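Engineer: Straight out of TrEMBL:
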{"type": "TRANSMEM", "residues": "12-34", "note": "transmembrane segment"}
{"type": "TRANSMEM", "residues": "88-110", "note": "transmembrane segment"}
{"type": "TRANSMEM", "residues": "117-137", "note": "transmembrane segment"}
{"type": "TRANSMEM", "residues": "157-182", "note": "transmembrane segment"}
Amino acid sequence: YLPSMRTPTVMIVGLVLCPCGLLLTLTGTLAPSWRQVSLIPDQPMDVVWEQGIWDICRERQSTHDRLCGQADELGYFDQVPVRVAQGLMPSSLVVTVVGFVVASLGVRCWQREPRHLVAGAAGLVLLLSGLMSLVPSSWYTQELWAVPAPPGSMLSIGYSLVLSYLGSCMEILGGLALTLSFHHCCKE
């Protein structure tokens, strides 16, 4: 029996999707646009508030003047979905990095054969990290209109929330792909 010199496809898929998911989740975590508030009463028509999990920015769309660090007058950061996102999103990023390091040890890069058991365990860690970022994104979306906003304003989903969703899904799919490495261990 001669060992195959090719890296298994499921491992390649996992190692491509997980870093992409990490970058999207990182951007979604840091960028202040989980929710956009527009048509705010007593404000010019072109003023939009972008609310993230760390910051609130005010942008005048006609002049593209943007000012972050706005005061939280409505208790936005005290809301449970925002506080959960503040805890789970950074935790998910740390777990993703740990999972990716473990995956790089299991996937054959500098050794003759991949370590299927290590790669499968890394898949489980990456699957967990994807779920850790999917939960706050989903909860925030569910509570988008319940989180306080100026009465009469219009609310919409921001790009950071979409990026968090996409990153979570990529991490979950990458983790599932790496978890398929357990199948090779079971055959042996």
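These residue numbers are counts, starting from 1, taken along the chain as shown.
Yeah, the Cβs are placed from backbone N, Cα and C, and that goes for glycine too.
Quick caveat, the model's predicted, so the values are computed rather than measured.
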Engineer: Report, as numbers and ranges, every residue of the chain located at least six residues beyond the transmembrane segment (157-182) whose Cβ falls under 8 Å of a Cβ in that stretch; write 'none' if there are none.
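Structural biologist: For the transmembrane segment (157-182), the far contacts come to 8, 10-11, 13-18, 20-29, 31-36, 50-52, 89, 92, 96, 99, 103, 106, 114, 116-117, 119-120, 122-131, 133-134, 136-138, 140-141, 144.
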Engineer: Report, as numbers and ranges, every residue of the chain located at least six residues beyond the transmembrane segment (88-110) whose Cβ falls under 8 Å of a Cβ in that stretch; write 'none' if there are none.
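Structural biologist: Non-local partners: 7, 11, 14-15, 18-19, 21-22, 25-26, 28-29, 53, 116-123, 125-126, 128-130, 132-133, 135-136, 164, 168, 171, 175, 178, 181.
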Engineer: Are there residues at least six beyond either end of the transmembrane segment (117-137) with Cβ under 8 Å to its Cβ atoms? List them, or say none.
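Structural biologist: Those are 11, 14, 18, 21, 25, 28-29, 53, 81, 84-85, 88-89, 91-93, 95-96, 98-100, 102-103, 105-107, 161, 164-165, 167-182, 185, in sequence order.
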